[in-house]
Structure formats: C-alpha cells, structure tokens
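Comments concern the structure below.
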Amino acid sequence: MSGVNEIRSAFLNYFGKDGHEIVPSSPLVPRNDPTLMFTNAGMVQFKNVFTGVEKRANHRATTSQKCVRAGGKHNDLDNVGYTARHHTFFEMLGNFSFGDYFKDHAIELAWNLITKEFGLPKERLLVTVFSEDDEAFALWKKIAGLPDSKIIRIPTSDNFWQMGDTGPCGPCSEIFFDHGDHIPGGPPGSPEEDGDRFIEIWNLVFMQFDQIAPGQRNPLPKPSIDTGMGLERIAAVLQGKHDNYDIDLFQALIRAIAELTGADPKGEHKASLRVIADHLRASSFLIADGVLPSNEGRGYVLRRIMRRAMRHGQLLGATEPLMWRLVWALVREMGQAYPELVRAEPMIEETLRLEETRFRKTLDRGLIILDEKSSTLKKGDMFDGETAFTLYDTYGFPLDLTQDALRNRGISVDIASFTDAMDRQRAKARASWAGSGDTATETVWFGLREQLGATEFLGYETETAEGVVAALVKDGQKVDQLKVGEAGAIVLNQTPFYAESGGQVGDTGVMTGEGVRFRVTETQKKAHDLFVHLGTVEQGTLTPDTALLLEVDHTRRSSIRANHSATHLLHEALRQVLGDHIAQKGSLVAEDRLRFDFVHQKPISADELRRVEDIANEVVLENDEVTTRLMAVDDAREAGARALFGEKYGDEVRVVTMGKSARQHGSNALGWSVELCGGTHVRRTGDIGLISITGESAVASGVRRIEALTGRFARQSANAAIDTAKATAAELRTSVDDMPARVAALMDERKKLERELAEARKKLAMGGGGAAAANGEAGVREVGGVKLLARAVEGIEIKDLKSLVDQGKKQLGSGVIALVATSADGKGSIVVGVTPDLVARFSAVDLVRKASEVLGGKGGGGKPDMAQAGGPDGSKAQAALDAIAEAIGG
C-alpha cells in the first residue's frame, strides 16, 4: 500500500466505510469565487457548507483535493525544486464533518488510520494542540495513549484556524512524524522547530466558534471538522523517504525527464529535474481545468510556472520543446484518479508545445543579455534591478526567471531598484497617455464628468425618454451651440441610448425638440460613465438646456438585444460541447451580426458547431423569460453568475439569467445561463428568433472565434442559401433533395475522366502507343553503351513521374530513365531512375542533381536507384536531360 495511488485509495476508502461520502476533487479554479486565485485546500469546495449557505444531504465527506499554491500569499514557486517539501501542485487528503461528529471521533479516526491502517509506529508520532484546548489534550491522552510530553501545547495562531476576520473558526491539532535524530531539528514549539526532523503530516481543525468581531466569539450550535493531510508528505513517510521528491510518483516523472534529456537524476541538475516534475503537474492540471497561459490573472501564474520549467529544461540541454513530451508519463501516473487529465491530454500537450515554442525565442534572447550583464559578477554580488527591469519590460523576461538563472551562481537581484524602475515606467506611461493626440478631447470629458456627474442610463427600461442638453462639444472643445449641418457631441442629464461597452455597439436614433432635430449616429462612454451622443444637427440650432425627446432606433436595438442574448446562450452551449475550459476573450454585438472569441486550442469540427447551434436554439424555442436584476456582488457569485477573474466589480452588479435549470445552489435556483453583464437583452429567449452560426476561425494562439446571425438576419441568410440551392439544383437539372447525389455522381464522373486523362498523358510520356511503347523502346537512345530514356512531359504530377520511372525501369530491363515535367507556373520537376545492374556505375542522386542545377534548383534527394529534384525554370527541361546524357556518356 506504499504507492501514492494506493495511499490515496486507502485514505478515501477508510473514511468511506465510516459513512463519509467520497466527493471528487473540485476544479483548481474555484467555482463562483473569483476572489480566490486557485483552490488551495480541501475545504474550499465546502466553504458554503461550513458557513451555512449551502446544505448537504450527507453530513460527512472525504476528498483528495488537487491544490495549487503559486500566487498571492500562498506562493511556493521560488522554493520549488530546492527544498524537500515545496510544491506548486499537491493533493490534500481530507475528511469533513458538517455538524456531525466532533473532536473525539475526529481524533479517533485519525489515530486509527495512521497507526493501524498505515502502520506508523506510535513512538515516532507526536501531536500539538492549541494551548487553551484542554479538551483536545485530554482526548489525545485517552484515545492515543500519548504521554504529556508527546502532546505539545502551542499558544500561537499556528494552532488556531480562522476563515476570515469573521465567521467559523477554531483550534487545530497537528500530527507530526519524527524522522529520527540523525536529522537536525527539534519538536514543534522548540527553538529548533524549523529543522526537518519533525514533519507535520496531518492538521485537524475543530470549527467550534463563530467569530463576530476580533476577540468576540460565540460557540457554534453544530461544531464541524475540517482536516488536511498532504498526500505527498504521508507518501514519503510511508515509503521511508525524507524527501517528497523521492516518492514513487515523482521518481516516475523524474525518470521520464531524465530519459528524454540524458540528465543524471542524482547529478548536478537534480534541482532542475524536480522543478520540471513539479511544474509539469501544476501546468497540466491547470490546463485541464480551463486555465490557459496569458498575461493576466490565473493565466499569468500558469505562464510563470510553465516558463520556469522550460528554463530548467534548457539547463538540462533540451534543444526542442520538452514538457509536452512528458504529459503521457503524468497521465500514466495520475490519470486513473483524475479522469479529466485523460480527457484533456491532447489539449495539454498542444498548449505546452505552443507555449514553449514561443518562449524559446524570449528565453534565448534574455539569457544572452543576462550573461553579458552579469559576466563580471561573482558569488554574493547583487545584480542591478534596473537591468532586471529592462529584461522584463523590453524582452519579456520575467523577474523570477532572472532570479532563478542567477541563483545557481549565488547572485541575488536588487529588488528595490527593480521596483523603482517599475514605478517610474508606470508613471511615464501615464504621462505619455496624457500627452497623446486625444488629450484635449479626453480632458473635456473628464472635466464634464466632474462638473455634471455620471449620466443616468434609462435604456434598460425604455427606448424613449425626455432629456435636457447638459453640454455640447465640437472638435474636442466645449461650445455654446451646434448649428444645422454641424457634427458634434451632446451630453444629457439622462439617456435611453446605450453607450458602446462590453462588446455591444452603441445605440443610434434621433433627438427632437422645439424647432431642432439631432441625428445620433454613435453613442460612446467617456470618463468611465459619461454618455456621449455623436451625430449631426439636421434642423435648427442646439444650445445647452434645450429639452429634447430622445428616441432610440427600436428596430436596430431589437436586433442588438437578440445578438447579445445569443452570445450568452452560445457561451454556455460551447461549454457544454467543448468543456468547462471555455472562457470569453472578447465579443462584438452589432445590429447585423455577432462574434464571440473564447479560449480553445484547436479548430471546432462541423459536428461540434452543429451541436452548439442546436443546444442554443433549443433554449430559444423554450421561450423562457430572461431576467435581469441588480445584486450584491457576493450574492451574484453565490447564485452562480459567471465572473471573469481579474475583472473589477463594484458592490452591486447586474446579473442576466436565461433558460431553465434543475441545478440548485443553496436556496438559489440557477438559470441555464447566468452571467454578470451590463448590456441590453431580449425579454424572452424566443425573441432571439433563430441563431445561425456562420463561421469559425482562429484569432490568436489558443483563441477561437465563432460568428453568427440571429432573427431576421439569420432568416435572410437562410433564405439566400435556399435560393442558391434551388438555382444550383436547376442548373444541375435535379431537385434540391437529390442535389447531393447528383453532385457526387458528377464528381465520380470527373474523377474517372481525370484518371483517363492521366493514363493518356502517361502513354504519351512513354512515347505513345504501339509495340515500341509497350516494350519500353519508344524514345530510347544508347549513350556510352547504356540505354537512356529521357523525355520532357507536361501535366504530370511528381507522384505520377515516379510511377512512370518505375514502369520504365521494368520495361527497359537495363538502363537509365529521366523524366522532366513542367508545371503550369513554369517550374520543372525531374525524376531519375537507374536499374539495379547499373547503380554501381551511376547514382540517381548524382544524376538528378546535375539536372536540378540546369533547372535553377539546388540539390535533390533520394536513393541510388531513384531520386527527384526540381527547379524554378522548367523551360530548360531539354537542357537538363542533355546534362544527364552528358554525365552518362562522360
């Protein structure tokens, strides 16, 4: 039972027999909580259960939770590979009680597992308790029979857990394993506790209080249990290892890396092998859970992890992308426990391969500069932070890679000067923006925003309203009037016109008043929330304080609403068909079309597109109500609203819900699609009419785009397609239904004619028909006692040239055959064949190279009995053949 997979199974089965529900690991991207970078503990998926927001039928659970700690306060990245127990990715084994059992049973379960199931000797175990937790102290004595000296009271916060400033909290009890007195270090609570002799293997959290305010706690009516045991740590103990990287799982990965790179697992590159093994796990699992490398948020953390591993791959001598070639080894070791790894294997490989291919250029350039700038430094010196910033800012070389590259030489980086350079660059960027060509205009808008405040938007409820002109702007300057025929901008006290944002185009329409009319051609948002209406005065003269009737183009707005709602449905349908990794990267919501950009590594098949379209249209046909409501941001997250990590949200957000769903989240029923969105939408899904996907393409590496039509534009497109089909069917003298069969028959007929034509060309190439052609004598001449068949032909492909040369060799019996084909664009291709009895005298490769030179080409390749080449000048085909004859005769 000492293997990692066996230990994991034994843990889960042990608690399963005790009435615990074995719950699958939650994703590394926490559901409905964009404030948390990654899942970093087993209790994360049960947070709402512990706080009482969510109810569970089973009050006991056990998990093996995949975790990542590589961002924010939980950042182990710099230490990974250089210590025995630091990891970016790890598995947290845990058992949980939600108001069911408490300390006594938790301690009993833990002690029996590690001593009876795992067989750890009692004399090598000790525990800690919170200094004030007399109950836990007494229970350890009673259940485990431990002496007082093996139950250590810890007065610090290390043994008291809190979820936050308020909420559930309670004392902890940690179980430690003694690796032996041959390893430096003292027990917890001693001055030598930071040594490696005593290692924590399990933490039991006793949630028994509700913290109202700092220092003010009330007992919870139903105390709970949350425990966490690092799988890698307990595996090391059970396998008799002091170092996590020596366990079977890591050793299997390290062997795979060593086989590819030739590195010695115990040699000077030991740390690099460990870095790659750890980072391969973190990168692969993050990609499987939908995170892709980018320059922000979770994607940036992933990119840092990947690039650090790639840097160490180069240290091992890898000259080609390495990590993607190791995914199979990880899937072999962990795929059974985590099926999502198996499903995502192709995407993981492709993502790693593309990222490493791109990064190698950055890495090579950065390392050259780094070597130049640090060549005079010696161990203990400090590398200039300004130069480190230049590497980062100009060459895209991350700071942590600079630190990592210098670490082996004992050189540190001046972080203070790096930070100063970063701050100066940001200040310079702000100043540069202030001096841009839009300065005057932007200054006007910020001034008006400060003077007038935010524009009140009425467009969610109405498309017609009354407003008063608050300001007029022309050519970037505030003006007192706009005359008929003049173009300018109007700012109002309130407006039903939607301003372009979130991918949705701005509204158009008209504004009318006493003797005046203004045509709105565009609506923009300036200075964050100032609505600016651009257009032309069609009648009269506009002045501030003019009262106007504001009318949005209803037909256009209706089409835009349909397209925006359709993007939400397509987003969810894409997730259902392609996977949960789908995340929006951009969109366009216009009157006549929509496009939606999203994270995905490969083209979408026609079948997948049809499934996406069908799923979205099913929701359209259900004609469900579309609800939009303002909610507190925390409530919106609890309701399952999709929120992009890195987006900044205010205290109140707008939640758009579409379609029915049987899923429940606490007391909130989720819709089929639930997103945070500030755009305008249809009232019922049926108002969309029809969704028709018209195209799919790549936008950037790892980003795909679908384009679609809705409503009347989709109908018009469908009608046009029907008209085209009818016209085509008429031209083919068949019906639309029979057109595929008719086209297939025509294609078969065409292929047959093409084959017949190719055969005719081959016969011509070999000298036409007749007996001479049949025995291979047509066009044959003797050169230096050797039969030579040399012909220039047209309209024959290179593959057919090869078959003709093979045929000619058989017919000649003994000789050399050379055929040159000239293509439509004037290029020449040549194939030379030599019969077996002559290859000792003539090499087809040598002969074809001489011909290639005449055609303007270089080289040529093949075998002594068959070779091919080409050149740009097919007009010299005969000269090329003469060169071969000369070589044979010479």
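Heads up, residue numbers simply count up from 1 along the chain you see.
Cβ coordinates come from backbone N, Cα and C, glycine included.
Per Swiss-Prot, the feature Zn(2+) binding site maps to His564, His568, Cys677, His681.
Feature map: annotations from Swiss-Prot on the structure.
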residue : record              : CB count, 10 Å
His564  : Zn(2+) binding site : 26
His568  : Zn(2+) binding site : 29
Cys677  : Zn(2+) binding site : 21
His681  : Zn(2+) binding site : 26
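Apart from the site residues His564, His568, Cys677, His681, the chain places the Cβ of Arg561, Ser565, Thr567, Val626, Val656, Met658, Glu675, Gly679, Thr680 no farther than 8 Å from the centroid of the site's Cβ atoms, the recorded Zn(2+) location. Mapped onto three states, the DSSP output places His681 (Zn(2+) binding site) in coil.
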